Amino acid sequence: MVGHTESDVPPTMAVKIFSAGVAACVADIITFPLDTAKVRLQVGSAIQGECLISSAIRYKGVLGTIITLAKTEGPVKLYSGLPAGLQRQISFASLRIGLYDTVQEFFTTGKEASLGSKISAGLMTGGVAVFIGQPTEVVKVRLQAQSHLHGPKPRYTGTYNAYRIIATTEGLTGLWKGTTPNLTRNVIINCTELVTYDLMKEALVKNKLLADDVPCHFVSAVVAGFCTTVLSSPVDVVKTRFVNSSPGQYTSVPNCAMMMLTREGPSAFFKGFVPSFLRLGSWNIIMFVCFEQLKQELMKSRHTMDCAT
């Protein structure tokens with residue numbers, strides 16, 4: 001991304017991929033309870049197994065959902081699905097974020113990056129990352145959504161148990177369930193998030209409003225998080241419902257969206273908007289700040305080692 005000073009050592013592709021993966025994992029660990037609350041709110045009155053989640057317990061708002069989960073199922077439940085979440089970031093975020101600059105440079109061929117090249121880079125890296133990381137997304141959402149209260153025995157006892165059961169009962173295609181809505185969602189997220197961050201950071205630095213440092217990264221990340229949440233929320237809700245559904249509950253992604261619209265109205269597509277924004281906003285801040293700092297420190301360390309030898 002933009003903003004390297006002449007004294008900086010340009011980060012290599014390996015450094016970018018590694019930094020993106022580590023930064024995304026740090027952000028996931030800190031913000032995971034918000035993501036779990038978002039999933040529970042999005043699932044809402046969807047049927048899980050043979051029991052209506054809403055008939056067992058109701059969640060009110062982000063904080064209310066987190067408190068209710070902690071009280072009724074234990075604080076550990078807020079981190080249910082975290083191992084799959086971290087696996088997802090290692091296989092997903094490291095590619096979509098770490099390869100963004102490299103792919104963008106490929107499209108520009110030495111020229112100044114245009115909006116088209118930024119969008120193209122976001123589309124390509126996001127699409128590839130989704131396909132590779134989809135099984136981890138399916139397992140993460142299933143574990144976050146299942147409740148241990150007022151219903152049948154939980155479908156999964158842990159991360160690897162979930163992988164095994166899904167592959168056994170639904171086939172390998174079950175691990176890629178919801179790829180279409182997730183691809184749509186993450187193409188939107190990747191383009192909006194990275195392009196908005198890139199443009200905002202570039203504008204702040206070029207107009208000398210902020211230096212290319214933590215405050216600049218913070219502001220750019222907040223703006224990127226808000227824009228991304230607005231555009232991706234409807235697709236995110238449909239994706240969560242479809243991925244978490246029992247076999248045969250929905251015949252297709254459009255069928256899932258249509259049933260949501262007819263049963264719950266248009267507002268259903270924005271369920272969990274507040275936790276989504278809190279999650280994306282805070283996740284973006286932590287991830288981008290860590291990402292930028294890691295890149296700089298790793299390249300400084302490498303430069304120091306090269307000079308020493």
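Keep in mind that glycine also has a Cβ here, set from the backbone N, Cα and C atoms.
Relative to the membrane, Swiss-Prot puts L199 on the same side as K300. Given the ranges 164-180, 181-197, 249-265, the record in Swiss-Prot names 181-197 as transmembrane segment. In this model, the repeat 'Solcar 1' (11-106) carries an average pLDDT of 82.
For the transmembrane segment (215-234), same-chain residues at least 6 beyond its ends with a Cβ under 8 Å from one of its own Cβ atoms are 3, 185, 188-189, 192-194, 196-197, 200-201, 204-205, 269-270, 272-273, 276-277, 280-285, 287-289, 292. C256 (cysteine sulfenic acid (-SOH)) and K60 (fatty acid 16:0 binding site) are 24 Å apart (CA-CA, integer value). Within its own chain, the transmembrane segment (78-100) has Cβ neighbours under 8 Å at 1, 13, 16-21, 23-25, 27-29, 32-33, 35-37, 66, 69-70, 121-122, 125-126, 128-130, 132-133, 136-137, 139-144, 146, 159, 162, 186, 190, 194, 287, 291, counting only residues six or more beyond its boundaries.
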